[in-house]
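Peer 1: One structure is given below, represented as C-alpha cells, and several questions about it will come after.
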C-alpha cells in the first residue's frame, strides 16, 4: 500500500492505492499419492476484486481433489472475517462462496482460500480493495481539467527600485543581470550594491510568521487543529510541540495527537477531545515560542436525530438510526421490552465518531413487527416497524389431475413463502382433514392427498393462502376428474365340486387391486354370514364357504366394473353301496330259470349321480330288446328278459363319478336244458355190419349235471326217428350193429339233465360201408378291410376235399381272449371271402373258417390275426411351433406343439443335420413320446438344423423344419472381458491400445468395445469411444508429462463385460529424442471410389418402450448421400427417427420403439461412382 496526499483549494484529501497480488501456495504432506487420489486443485480461482463501499463482495472457488478437500477462508492480516459474512457451498454450480455484505474500508485486506485434504494444503491468496462512495469522492481529474485558462499577457512595466529588490532577492545570483535586462533596469551596478545590503538585513530574520497560531474552543469528542504558516530560514530547523510545558510525543499518544506539515503550514490535530485536553499548547521553532490556548466545551447529551417509524418490504433489511450530540459509553436497543443484541438477525452499528447509532434487522418477517426503543443514559427514543408483505405467489401452481376410481389423487403446489396459513376448498366449500383428505405441508410445498377417490370427488379444488399483516387471500385452483375404474379378469373362477360338509373356495384375480366387486349366487347378492366369508387381498377376491351342503349348490358370479367371472358349485360325494349288500351279492349267486326275467336292483348314494355301467364277464352291457338298465339318483336296476344260458356269468356293477368309483360283483346263474353235444358227430367206423360214432359233451350243461345221452336214428329220406340207445353222462361213444349194408342213415344225440333234454346233435348221412372223409383245413383267414362296423376276410380252399366236393364254408368269430366261437354265417357260403358286420366298435376280434362236404365239417382253420373294429387311422399332420428352449456347448433343447390336423400322434421322430452334412440323422432310436427333447453330444459352437415329424399307426406326418440353424452354445449373456492389453506409443502424444478379442466375439459380430481413460491424479474415468469393433485403437489428445490408466470393456446386446484394466499407469514423456524423416517421392493417387460398407447393419431385437440404435460404417469419395428406408418408405426426413452421420459412421435411433416399428430397415449410400445398400431387421 502507498499513501499520498493531494492538496486542492487548501484542503487535504488522503487516498490509498492497492497493489493487487494473486498467489498460489501448495504445501504437500504425502510424497507418494495412491492411484486414483490427488492433491487439491483450484479448477476456478477466486479473483481479486475492487468493490465500492456499501456494496457486496462475492468470491467463488471451485476445487477438486481426492479425498474431497475441505475449504477455509481467512484474512491475510490475521483478523477475523467480518461478522455476518456468509460462507457456503452452492450445490447448483458446485462452487464454494464467500459473500461479504455491505463492505467497509475495514474489510479491505488480502484474503486466503485454503483447500486441504490428507495429501496437501493448497492456499490461494487474493485481495479486496474498497473504494469510497462515488457521491463522496472528489473527481480530481475533472477539477484539474476545469482550471481557468491563463490570463492574457499584460504589458510589463518597468519596476521601481524597491520592486526590483524583491524580485532579485528570490533569484539566483547568476541570473541577476538577465533579470535586470528583462525588466529594462539599467542601474545594474548600483542595484547589486544595494542588494547586498538588503540580504544582510533579511538574514537576521530566521523565522517569519506568515499566519500565527490562534486560540481554539472545541466540543467534547470533536477534533481541533492548530495551524500556522511559517517561513523558515533553515528548513532543517528543529521544531517541537508542547502541552502545558510537556513535549507531545505522537508515537505514544495512541492517535490522540497528529502533527503534519504541508509546505510552510504546520499543524497539530487533537482528536476525541475531553476536558483533559484543555490547556496551553506551544510550538517551539528554534529559539522562538508560539503559545495558544485550547478550551473544551461540554454540552448536555441530547438527540440530534431521533428514531423514525419505518415500513420494510418483507425479507428485506429494516434500519433504525438515531444520532446523539456526544459519545456515551453504552447504549441499549430493545424490541418489545427485550434487549436486542448483535447476532445473525440483528446488526448494531456505531459510527466512527460515536454519535450515530444504527440497528439493522435482517430478513424482516412478521414476527419482527413491533416497537423498537433506543436508550442512552437517561435519553430514550422509540419507533414502530411495519412490514409490507410480499404477495404470496405460486411458483408451481396446482395442475389438473385425472385419477381412476379408488386411486390416490395428489394435488400439490409450491408457495413463495412458508409462513402462511392454508385452507382447501372443494367447489368453493372448505374441506378439513379426514381419513379421505390428508393435507401435507413441507416448507413452501403444500399437498392435498385424496385416498380411495370416488366419482363424486370430481370437482374444482382450490388452495387458499393467507399471511399475517395481510388481509388479502391468495388462491390457486385446479380440476380433479375421477374416472371409472374398469378392470379385466386376470384369472377367473373354475367350477368347484366339494364333498358334503367340506369347505369350498372361489377365487378371482383382477388386473387392478383398486377395483371392488360383488358376489352373487344364482343372481342374488351374497353377504358375509356364519358359513360364508368374502375376502379381498389386493387384486385377489375370494368367496370362502366353510361348510358345503345341498343349499350351497348353484351358479356363483363375481361382478366388478368391466369384469365378470362365473362358476358352478356342485356337491361331489363319491358313490357308495351298502357294504352288507355287497357281501351278500358276492356270497349268494342269483339263480333264474331260462325264459324268466332276472331283475337286479342295487341302491347307492353319491353326488353328482354317478355313471352306471353294468358288465358281464368284463364286457359292458347295453340296452337292447332283452336288456333294460334303469338309473335314478339313488338306485340302478338291471332287467334281463327271457334269460338264456348265455346270460349266466359274472355280473359287475360299476358306479363312477369325478369324486370316485365303487363296484359290486355278483354271479348270475340261468338254469336250462343242456346244450347239444359239441362238434359234429364223428363216425369212427361205418362198415356194412357196424357203425361206431363219437361226440363231445355239451359245452353248457344248462346249469345242472348231465345225467345221460340218448341216441336216435332214422333212415335217409324218412322223417321218423327211433331211439337206438342210451349211455350215461360219462360216455361219449356209441356203437350199433343194427345196420343194413349200403343203407344210408342219420343219427342224432341228445343230452339230458334235470331240466330236460337238449336239442339234438344231428350227423351227416352215413352209409354202412365205403366211408367219405371230411375235408381238410383251409388257409389262415386274412383281413382285407376294416371299419368300425364290419371286417372283411379272405382264405384259400383246403388242400384235401375228403373224397367229396366242398359244399361251402362256415365262418366263425370270437372276441380276443374268449374261447367261445360264434358262427358268423347261418348257412355255408360258397365264396372264399366274407364280410362280417354288426360288430362292436373298438372290440378286438379273431376269425376262423371250416370247409364242409358230404361227410360233414372239416377241421377249422387257424385263427386269423386279431383285428380291432374301428375306422382306419390317419397319419398325423405337421408339428407346430418348434422352437429352441435352451442350449449349451454340447446340447440343444427343443420344444414343439401337437399337430392340428390328422389323428392323434403316438410319438415324434426328431432329426438333425450338421451344417456341413447332407444327410439327416435321427436324434433317438425310438419315437419321442413327449413334446420336448434335449439333443446331446454336440460339437461346441457347431451349427445344427432340426426337423420333426409326428407318427402313429396310420403313418408318418410331413416334417416341420426349424426356420434357421442353431449354435451349440449357451444363450447370449454378458460378454466375457477381453484379455492381454498392450500399449505402444507409435506417434508422439498418442498411444495405441491392442488386446485379444473376448471369447464371445463369434461370427455374428454382436460384440463391440468401449475404450476409457483416467488421469492418474483423478478417480474419474472418461469414455474415449464406445463403438470399436476391432481389437486395436489409437488414443490421441494426451498431455506430455502426465500418467494415464486405460481400460477396455466388451459390450453386446445384453450388457457390458468386466473391464480389462491397465495395471500400471502409462507415462507420456515430455521430451522426445530428435528423429529424422525420409520422405518418398510423392505419387499422385486417385482417391475417388464408389461407396462401400466396411461394417454392415445387424439385426436387432428390442423390448417395447426402449430405444433401438442401429449403425454401420462405410467409405466412399466423393462423400456419399445417405438415405434411410423403413421397408419402402423413406424415413430420413421423419422427425420420429434420429439420424446422424459422422466420421463415416451412420446411426439411426428409434426412440421408445413400439410393435409397429418392427420391419426391415434399409440404408442407401450413393455418390457419382456408384450406389450400395444394406439392411437389417428389427423385431
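Just so it is clear, glycine is given a Cβ too, placed from its N, Cα and C backbone atoms.
The structure displayed is predicted, hence computed values, not measured ones.
According to TrEMBL:
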{"type": "DOMAIN", "residues": "40-129", "note": "domain 'Ig-like'"}
{"type": "DOMAIN", "residues": "391-475", "note": "domain 'Ig-like'"}
{"type": "DOMAIN", "residues": "579-669", "note": "domain 'Ig-like'"}
{"type": "DOMAIN", "residues": "677-771", "note": "domain 'Fibronectin type-III'"}
{"type": "DOMAIN", "residues": "777-872", "note": "domain 'Fibronectin type-III'"}
{"type": "DOMAIN", "residues": "878-972", "note": "domain 'Fibronectin type-III'"}
{"type": "DOMAIN", "residues": "977-1071", "note": "domain 'Fibronectin type-III'"}
{"type": "DOMAIN", "residues": "1091-1179", "note": "domain 'Ig-like'"}
Peer 1: For the domain 'Ig-like' (1091-1179), jot down how many residues DSSP puts in helix, in strand and in coil.
Peer 2: 3 helix, 53 strand, 33 coil
Peer 1: List the helix, strand and coil residue totals of the domain 'Fibronectin type-III' (677-771) as derived from DSSP.
Peer 2: 0 helix, 50 strand, 45 coil
Peer 1: Check the domain 'Fibronectin type-III' (977-1071) against the domain 'Ig-like' (1091-1179) for contact, please; criterion is three or more CB pairs under 8 Å, pairs 6 or more apart in sequence.
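Peer 2: Contact between the domain 'Fibronectin type-III' (977-1071) and the domain 'Ig-like' (1091-1179): present.
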Peer 1: Helix, strand, coil: count each for the residues of the domain 'Fibronectin type-III' (878-972), based on DSSP.
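Peer 2: For that range the per-state counts are 0 helix, 45 strand, 50 coil.
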Peer 1: What average pLDDT is reported by the model for the domain 'Ig-like' (579-669)?
Peer 2: 89
